[in-house]
Amino acid sequence: MKALLDLFKQVTQKEEFDSIKIGLASPEKIRSWSYGEVKKPETINYRTFKPERDGLFCAKIFGPVKDYECLCGKYKRLKHRGVICEKCGVEVTLSKVRRERMGHIELASPVAHIWFLKSLPSRLGMVLDMTLRDIERVLYFEAYVVTDPGLTPLQRCQLLTDDDYRAKTEEYGDDFRASMGAEGIRDLLNTLNIRVEIDDLRREMGTTGSETKMKKISKRLKVLEAFSKSGIKPEWMILAVLPVLPPELRPLVPLDGGRFATSDLNDLYRRVINRNNRLKRLLELKAPEIIVRNEKRMLQEAVDSLLDNGRRGKAMTGANKRPLKSLADMIKGKGGRFRQNLLGKRVDYSGRSVIVVGPQLKLHQCGLPKKMALELFKPFIFNKLEIMGIASTIKAAKREVENESPIVWDILEDVIREHPVMLNRAPTLHRLGIQAFEPVLIEGKAIQLHPLVCAAFNADFDGDQMAVHVPLSLEAQMECRTLMMSTNNVLSPANGEPIIVPSQDIVLGLYYTTREKVNARGEGMYFANISEVSRAYENRVIELNARIFVRIREYELADGERREKITRYETTVGRALLSEILPAGLPFPLINKVLKKKEISKLINASFRRCGLRETVIFADKLMYAGFSYATRAGISICLDDMLTPAQKDAIISASEKEVQEIELQYTSGLVTQGERYNKVVDIWGRAGDQVAKAMMDQLGVEPIIDPETGTAKTGESGKPLIQESFNSIYMMADSGARGSAAQIRQLAGMRGLMAKPDGSIIETPITANFREGLNVLQYFISTHGARKGLADTALKTANSGYLTRRLVDVTQDLVVTQEDCGTSNGVVMKALVEGGEVIEALRERILGRVVANDIINPEHQAVIYPAGMLLDENAVDTIEMLGIDEVKVRTPLTCETRYGLCAKCYGRDLGRGTPVNVGEAVGVIAAQSIGEPGTQLTMRTFHIGGAASRTAVASQVESKSNGIVRYSPTMRYVTNARNELIAISRSGEVVIQDDNGRERERHKAPYGATLLIRDGEVVKAGQVLAAWDPHTRPIITEYSGKVRFENVEEGVTVAKQIDEVTGLSTLVVIDPKRRGVVQTKGLRPVVKLLDEEGKEVRLAGSNLPVHITFQVGSIITVRDGQQVSVGEVLARIPQESSKTRDITGGLPRVAELFEARSPKDAGVLAEVTGIVSFGKDTKGKQRLVITDLDGVSHEYLIPKDKHVTAHDGQVVNKGESIVDGPADPHDILRLLGVEALARYITDEVQDVYRLQGVKINDKHIEVIVRQMLRRVQIVDSGDTRFIPGEQVERAEMLAENEQVELEGKRPATYEYMLLGITKASLSTDSFISAASFQETTRVLTEAAIMGKKDDLRGLKENVIVGRLIPAGTGLTFHNTRKRQRLMLDTGEAPPLSEEETGEIRNSGYAV
């Protein structure tokens, strides 16, 4: 019977749809949805619990409470299906129609929809061209609005107060019409002719010259165009009929004790109905206008609260003073419909438990507790029991399982075999946070996890929990096995390096095994093969670390064949034993060295590239088993005596104390300022800490060689003891990369060093003790600062980082690889990244896995070695490096010409798989995860070094890294001072070192004021100092000699005499014009002029302009009036801020600000054109800088006086070059230098932040996000298209429209790129469903409804929300096939389906 009933329940058909449209409902539409009018505020009868008739839960309107049974019980059972009971009027049908049938309320007076009124900018206001304030006054009955002026001089939309209205009525009688409330507004909207308005606005747009007016018109035009295009009538923004939600969606549940739990909506609806009924009665009674008005206002407020409580005025509250949850609150926010129920569904067949380590597992296995497995695999067990005939019904099978009879366990074993399960650890920050494993049944209640996948899950075994999910359908199991199995996720999608890398004890074991000990037992023995070594080791003839000679059999893979060769190596016993687990094809020298963490990672990488996935997985497992086994045998422990405090520590500390006293003396005698003293003291202690740490590491890192016969230390010829690398436990742990770092050991055994205050500044008294010696109370107290800051930071940053990830995912979620090749030849030129003369990232790393855009030519014989369109793999980049090619043009996601999505060639290699990317890969989400995931990790890691001020020592000189010849860059300018030193006076000067062939080896910036120690054309050796400068101050240097004459240097006006409290000496400091007392002096700037012997002003070379040097705010003037100065002398010093400690805390906000494309506070100014700089007349508080371009057109800039201008008179600047100091504004970079420069800027800046933390992310991911930030364009000239100048549209839409217009032979639109921050880009996407589920739900839906937007369900989010397969990965095939079939239905013919597509459709459960 039940099966039969179920058959009848399936009445609804599967809806097939391609898009979802949103719009405004007309009153007729609302009535057509409705099944009856709700007239009473009653809900259910408190005695019978039956719904009241015509009430909010009325069965007649909304349907029966029980399946196939009317309310009075006259008709029961299925046979009366569809009958309407004549007694109670209820249709006999399923009770679930109460979830979908709506009612309506006929409002006695129209009310405005609050979303269109109050959601800024107010749509009602825009359509009527009235201010929000005015509309509100009309709606809430404070003023009349003229709806039809007739022949009177009144204006349409004019507001009249009560008195005005009376006066005008007396004056004009019935010649005009004015009304109050929503009726007035509705009349205005009714009589609005949208077409005429649009034509008027377009005309006005052509004639107006004012920028603000233009903006206003274009906004209004956009809204009116939207109404006209969508066919929505503006008067529908005023509600005459209110729809009522189906009752099951706002349930009323009886609790024990006769009380009810109810949805807030019932309360809100009740208020609306009460007020509406009262209003109807008042209107019937012809009550006085003032009472009716009040009631209408209350109705308007009640409807406002129902739609969006708290949007206007005070929120309506329930009995317990809690604001009621309105319809808008139901859908928005984290707990709203979108994020809670549509995107965040819970999953059936899952369990969670604590994880413990499973060192005996293979990489593709996980240990699943039997109890858990039994529960999770129940349906499969029931099925098997039925098939085997052990249980006749499901009920019997259930009983069998509950009794846990022995046969059940056998069946469980059988069911589980080769049925993968998915493990997930929250927070799932990237796709490796969920992986599939084959379960192995274990006793106990904890899940066993393979140690090597911990890095991917970021899991440890200190109480972490994981969830298990069971894939049910065959397709799901297949996807798990082929795509999600842990053995298929060896590489990290963020950077393409192995993520299955041993850590901790495994590393320690392998490190110990491959270390070499001098004079160990059995040193120098020869062995014929590995088994001999193994036998000797097991019999204790040789030690693990002894150096021996052994013949090793290796396999070479050549042309797909394995060739065997035997070589004799000098190696150690441990390494020889490890060679047994090397996969065939890897040479022995790869492990014939000390294996540290980095080396092991390289080893696994080499194995993956040479031997493939399967071999690598087996190898990784073997490495793990070996590592654990040898770590146990090594018996490395940790104890207090391992922490050796260096003997020189006291001497270093006392020397530093002396230095500090000296600085204090200089300070008291006035030679240095307070800031300089602080900086120097901090520097001294920073250096002392480093020296102690170095001494400690030197001492820890070596130990004497012990003679095995005598048991004493061996000595060399000079009588000094011979030393070897140390076997100190702590040193080994840090050196191998297993645990701990030099910085942490330094705190254990060196000195803790400088600590930071919570605001980031450094306390100048360091902690000289270490943890081994113990801290005293004061030192402990200072330490608590850092520790507490670390913990507080962690909590805050986790939230910030999660939010960044969410925004990134949202902006890129619809970016999927949709085609093989878009055919473009554009790309970016990649060079090695060099900073401070150091190669930060080699060219090979930047182009690996990219596709070449142009042919790569061998520089020696001009032959093409790699044609355009080829993917560069490891061998190719090796060749490029070997040939010394400096730059390569590669394809990039930025220039990909695919309309929706990306093409595989522009993306290149799929980093997580090591192969070219497949069509259907969701590269956008992967990019977002790759950037977001380390953010969280880093922020969680701030507290590991307990706030010890790891302040980067400030660079004060550059040294050459290689031998070569020095060349100054063309931008370098310098002067020679009296001491015959060269002083750099250009801001962009660089020292370049070339090799003998003239190829550039390194390049270093020489800052303004640096002393150049090596001249152009000289030969340098590696390690030689090229230039030096004072890092703490920026000098202002004179390029001319003469006698100093001050102008406008007036004490208390432009400069302040600062007398140091301690020394009593005075210095002149330039003060901020804003802080000056006297108003007239605002424009004065302190200037130095130079006079020659005759007392005339020194002129600039080649011109008759006098030299005058201006000082910026904060400069400390070092010369005195009348003093004689020579070329290259310092006139003033500008103190630099003492640097605060930089950890990712500076980093995370920095990344967010880059991706949000925010303009920095004090942005620098870039030159708009290429031309010559000159200075014009200063105006109030600003200096005027003029750039005259090559055509003689001048461009003026007004720059605040306190800003530092980097360009000088007569200098030639290029377009986009910086002329005023300050951080760059990404919008300027895009405008002046183009997309490529912008991408390079954002990529480099983001990479800088992550590099500081040692996190590797491939540039590709950042480029993908920049592409999404640039996906909208602004129309400059609309041509013959339908766009409005200044409108922002999606690039793809713009190109499609232009193509269409060009086909018709008309003029296409021109446009410029717009840079949108990720939040803005997410909200301005074409898909309103995606935008609404991200942020600002109300605003997005309001806008979409007016425009009658259609969502084509292109992205991933939209499809998840409507409950479809996503158009990525395996779901892409399904979507393509559906499209193909739709085509077939439309045209009657279609390309044939492949067999696999047919199979996929059949299995996906969708009707073909």
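The count begins at 1 with the first shown residue.
Quick reminder: no glycine exception, Cβ is built from N, Cα and C everywhere.
Residues 1386-1408 are the range that Swiss-Prot records as region 'Disordered', among 995-1017, 1386-1408. Note on proximity: among C85, D460, D462, D464, the binding-site residues of the record, the Cα nearest C906 (Zn(2+) 2 binding site) is that of D460. Ranked by CA distance from C85 (Zn(2+) 1 binding site), the binding-site residues D460, D462, C822, C896, C903 have C903 at the top as the closest.
Compared over the binding-site residues C70, C903, the count of CB atoms lying within 10 A of a residue's CB peaks at C70.
Non-local neighbourhood of C72 (Zn(2+) 1 binding site): C85, K87, C88, V90, each in the same chain, at least six residues away, with C-beta under 8 Å from its C-beta. Across the structure, D462 (Mg(2+) binding site) and C903 (Zn(2+) 2 binding site) place their CA atoms 44 angstrom apart. On a Cα basis, D464 (Mg(2+) binding site) lies 54 Å away from C70 (Zn(2+) 1 binding site). D460 (Mg(2+) binding site) has C903 as its nearest neighbour among the binding-site residues C822, C896, C903, going by CA to CA distance. Within 8 Å of the centroid defined by the CB atoms of D460, D462, D464, the record's Mg(2+) site, lie the Cβ atoms of I355, A459, F461, G463, excluding the listed residues themselves.
Listed in sequence order, the residues Q819, D821, T824, R891, P893, T895, E897, T898, L902, A904, K905, Y907 complete the 8 Å Cβ shell around the Zn(2+) 2 site centroid, once C822, C896, C903, C906 themselves are left out.
Note: the Cα of C903 (Zn(2+) 2 binding site) and the Cα of D464 (Mg(2+) binding site) are spaced 40 Å from each other.
Neighbour density around each Cβ, counted as other Cβ atoms within 10 Å, peaks among the binding-site residues C822, C906 at C906. Geometry remark: C822 (Zn(2+) 2 binding site) versus D464 (Mg(2+) binding site), CA distance 46 Å. Secondary structure from DSSP puts C903 (Zn(2+) 2 binding site) in a beta strand.
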